[in-house]
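*Asks:* Okay, handing you the structure first.
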Amino acid sequence: MLLAHVLLSVIYPAYLLILGMVLHAAAIAALGALHWLPDDENLFLGVSAAIKCVAGIGFAIYFATMYTTLFYKNQQSYLATLILSEVTVGVGGVIGPIVGFELTQVWLYPLPYFAIGGCMLLGILIAVALPLDACVPREMFSEAKNDCSSLGFLGDVRFWVDIVTAALAGATIAHFETTLELHLSVITESAYHINYSYAIIYGCYAIGAVLFGFTSSLPKAEAFVVFVAQLISAVAFLFVGPAHFLPIPTNLWLTRLGIGLAGLAVAGQFLPVIARVVRSATWPDRSYDLRIISFAVCAVLVMVHFGGLVLSLVSGYVTDNQGSKATSTVMLTIQASWTLVRFLVWITEMTLGRNTFLS
């Protein structure tokens, strides 16, 4: 993300979108090609780690540039475009696990990787067909400035509370990527059920993007919407495990209810938050400077992935030592604790008559 922010200062955004897409697509296809790698565990781990690094760089460049141009292009009317963007992420997350599972039944393990990489590369044709000025006019890009005085929003406590909330959204996704398959394998041996459970997370994310996106646009509702999303996230982890202190058995449908609620909550922890942070960065002088928007976007995305990094390590450690059910209890504790913080933010903003940073 930091690399993407730096590159946006020197490379035209349209080129960065294509670069990010190419890097990510090529890396995804390369992961599929690992199927034919010689049977050497150390070689496999080393090569796959290197490829994933390239994929991560491409992913970061693409999404940082995409969100930056989205907010810059739409400025005051970004909401509908942002919601549409997150809905497509959710729909893709639904299609991916289902189609991926079916493709592995057709041929070999690498086929889904080749299919995804190929689809992404086809997207380059669309990007190339668009005029370079479609998102950011060249004259506006050349006039973008680096003004440290515009970073005053970093001193607002609510900014830090918001990006920690975004980090918890990333933590939720990372938690499921680390432990969900193991947790579900205890309940069911069916790979079919496991893949469809992943689809539930992103399907509910798409629903949450619409629900929380539009409700956050209501007068003085933004802080309340994020609080509700945080509360739903805490409730979700009551059922995912379920929590140790609940006298109920582990059940596939109860777990699916939990992961569905968690996916719904992630949308509310991310979409209103990134909008709040970008708006806070551009509010003082109504300056929609490209690099200031890029800095705000990257700050949120860095925290999303940092939260994912930390929780994947924590989830892996706790799962190895105490099982996946204990990991869900850890997530419940973290999300519930932060719910109290979001409640205080909501009460404070409501009392002071503030909807966001704008005061």
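First residue shown is number 1, and so on along the chain.
Even glycines carry a Cβ here, placed using N, Cα and C.
These figures come from a predicted structure and were not determined experimentally.
Heads up, here are the entries from TrEMBL:
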type	residues	note
TRANSMEM	12-37	transmembrane segment
TRANSMEM	43-65	transmembrane segment
TRANSMEM	77-99	transmembrane segment
TRANSMEM	111-136	transmembrane segment
TRANSMEM	157-176	transmembrane segment
TRANSMEM	196-216	transmembrane segment
TRANSMEM	223-245	transmembrane segment
TRANSMEM	257-278	transmembrane segment
TRANSMEM	290-314	transmembrane segment
TRANSMEM	326-345	transmembrane segment
*Asks:* The transmembrane segment (290-314) vs the transmembrane segment (196-216): three or more C-beta pairs under 8 Å (separation of 6 or more)?
*Replies:* no
*Asks:* Determine which residues of the chain contact the transmembrane segment (77-99) at the Cβ level, with the cut-off under 8 Å and only residues 6 or more beyond its ends counted.
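*Replies:* 66-67, 70-71, 112, 115-116, 195-196, 198-199, 201-210, 213-214, 217, 263, 267, 270-271, 274-275.
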*Asks:* Verify whether three or more Cβ pairs under 8 angstroms connect the transmembrane segment (43-65) with the transmembrane segment (257-278), leaving out any pair fewer than 6 apart in sequence.
*Replies:* no
*Asks:* Cβ pairs under 8 Å with the transmembrane segment (12-37): which stretch of 43-65, 196-216, 223-245, 326-345 has the most?
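*Replies:* Answer, by Cβ pair count: 43-65.
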*Asks:* Using Cβ atoms and a strict cutoff of less than 8 Å, what residues sit near the transmembrane segment (157-176) while being 6 or more residues removed from its termini?
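*Replies:* Same-chain contacts beyond the ends: 198, 201, 226, 230, 233, 259, 262, 265-266, 269-270, 273-274, 276-277, 280, 299-300, 303-312, 315, 327, 331, 334-335, 338, 341-342, 345, 349, 356-357.
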*Asks:* Are there residues at least six beyond either end of the transmembrane segment (196-216) with Cβ under 8 Å to its Cβ atoms? List them, or say none.
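*Replies:* Result: 79, 82-83, 86-87, 89-98, 101, 173, 176, 180, 184, 222, 225-226, 229, 255-256, 259-268, 271-272, 275.
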